[in-house]
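A short write-up of the structure that comes next.
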Amino acid sequence: MKTVVFAYHDMGCLGIEALLAAGYEISAIFTHTDNPGEKAFYGSVARLAAERGIPVYAPDDVNHPLWVERIAQLSPDVIFSFYYRHLIHDKILQLAPAGAFNLHGSLLPKYRGRAPLNWVLVNGETETGVTLHRMVKRADAGAIVAQLRIAIAPDDIAITLHHKLCHAARQLLEQTLPAIKDGNILEIAQCENEATCFGRRTPEDSFLEWHKSAAVLHNMVRAVADPWPGAFSYVGNQKFTVWSSRVHSHAPAAQPGSVISVAPLLIACGDGALEIVTGQAGGGITMQGSQLAQTLGLVQGSRLNSQPACAARRRTRVLILGVNGFIGNHLTERLLREDHYEVYGLDIGSDAISRFLNHPHFHFVEGDISIHSEWIEYHVKKCDVVLPLVAIATPIEYTRNPLRVFELDFEENLRIIRYCVKYRKRIIFPSTSEVYGMCSDKYFDEDHSNLIVGPVNKPRWIYSVSKQLLDRVIWAYGEKEGLQFTLFRPFNWMGPRLDNLNAARIGSSRAITQLILNLVEGSPIKLIDGGKQKRCFTDIRDGIEALYRIIENAGNRCDGEIINIGNPENEASIEELGEMLLASFEKHPLRHYFPPFAGFRVVESSSYYGKGYQDVEHRKPSIRNARRCLDWEPKIDMQETIDETLDFFLRTVDLTDKPS
């Protein structure tokens, strides 16, 4: 039976050996070049392939059409993947009549994704395993063919668990590969309700946060012990690594991070204390805890910290362009609530941020991004994080002023992106749910959903494609020039200060503001094309909390990611939104100041938005990236958001001339 193999690491080597022992004919092996920054303690797939006389390749992009064609010419009967690090395109998987199978180091459906070996230890699991499953378009989601369980001992560390997994994988493959060859396998679908997914880990993820419990920190040490990079902390500006540790449940009470004793080296935690059994100062040698304490100059009462002291002293400088806008002013409020941010802002007005103007860590300049280019370039260079939030984002403007939308949303933002590349600054860019366009997926997925827009003669799409092209430019700068970036896609955020009723009067506002204006003025609520279009409405507080976590970027998990920020549970049609808003309006204590409700009126989109408009029937986000990268879930119910948004706008109305 002919096979093509994708393999890396020890698991790749043992998988190849198992295939050969089972009588498979391996036509080619695809692997990776070794990362010079990674400690190579594992077997070489390339060397094994060469010794066995099997053609071996390590392309940068195995999914490139040229490689897909070359694999097709090999005519594999079956495909196997053993710890290959890149997602293999469905076009390749479909080349094998018997299908494609992947070996994964966890008990699927739990711990899908990357580094399951390390994650199970981080999370203190007592059991894991290996799974052979059929490969499908979604990573690690195919039917299970075989599975072996492994107990995790309390003294297991990453390398001992790795050896256990390798031993189990050999057993599993020895039992299962002949059955696959004979076409005699039983497949069990994975239970999606039990699925969990984890992202890649980097050395920076393993800092010890002393406010956590000693048990949690001990698990971190176990998860990344040698030959992995190790858990670390700081004494002042000096970094040190903890290679092994021990939990002390009953220890004297002390401030987390304080040295309780130096022999043994015992550090107070949020709960209990952690004994550093062995460790290493900087680039030195490994030594026992008491010697490490002496080397680091620690005494009883000394304090450790999770980051260098110099980093802790300086506030992170955040540049927000469009700081007076809906997202900008709420984000400013969230950042200033903490004591480690300095916010620099630019906008053409200041009504929404007037409450911050006297704050010592808020610096505002009134100006236009198309004019104040020198100020912007200087502050991009000066700041650590850049959020270019300036955009025309109201649908009526897409058809009314398409060229202005392009000039502001694309051209001006491209200049800012290039400044970030020039000065090597981190950019957090507001993409949009609009980029998905008329995608037919049930859930819009950042990494897999197609971005589908209408024809050129529908100018309504100029906003969507401007944003999409900027997304692609940023991604390319990240790949080719090392730009540190995160793209976030808001899904219908709403709340107080969304826009204003004056904007609604000229049709240049979001849907809920327009509906509130209709109620305030006693005019009919217009339902465009019947108002059956569905959206997932997200409370601004939920959205801002997610955006704040992107800025925090714990363990650099947000770098290079695209993250939907929306609430898939708050799905409603525009008609349903209007009905919920009306019910809230009728119960409001200021209701008697306003005219009677004038009813709903169905209007055609062309008469409201003008020629060249197309609508989208549904827009529901997948939030798996937000869960994985941010540990975030939306919490606020749509009705609460509607009530608070309505109350805010009603209290902005001048009631002096209204009858009481």
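Cβ coordinates are placed from backbone N, Cα and C, and glycine is handled just like the others.
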NAD(+) site partner of ASP368, ILE369 (as recorded in Swiss-Prot), chosen from ASP347, ASP351, ASP384: ASP347
One of ARG52, ARG114, ARG170 listed by Swiss-Prot as binding (6R)-10-formyltetrahydrofolate at the site of HIS86, LEU87, ILE88, VAL136, LYS137, ARG138, ALA139, ASP140: ARG114
Distance from GLU434 (active site, proton acceptor) back to HIS86 ((6R)-10-formyltetrahydrofolate binding site), taken between C-alpha atoms, in Å: 28
Listed recorded positions among ILE88, VAL136, ILE369, ARG619 whose Cα sits within 10 Å of HIS104 (active site, proton donor): none
Structural state of GLU434 (active site, proton acceptor), classified by DSSP into three states: helix
Cα proximity to ILE369 (NAD(+) binding site), best match among recorded positions ILE88, VAL136, ARG138, ASP140, ARG619: ARG619
Rounded to the nearest Å - Cα separation of ASP140 ((6R)-10-formyltetrahydrofolate binding site) and ASP347 (NAD(+) binding site): 45
NAD(+) binding residues ASP347, ASP368, ILE369: largest Cα-Cα distance, in Å and rounded to whole number: 8
Rounded Cα separation (Å) that holds between ARG138 ((6R)-10-formyltetrahydrofolate binding site) and ARG619 (active site, proton donor): 20
Which of ILE88, VAL136, all binding-site residues, has a Cβ with the fewest other Cβ atoms inside 10 Å: VAL136
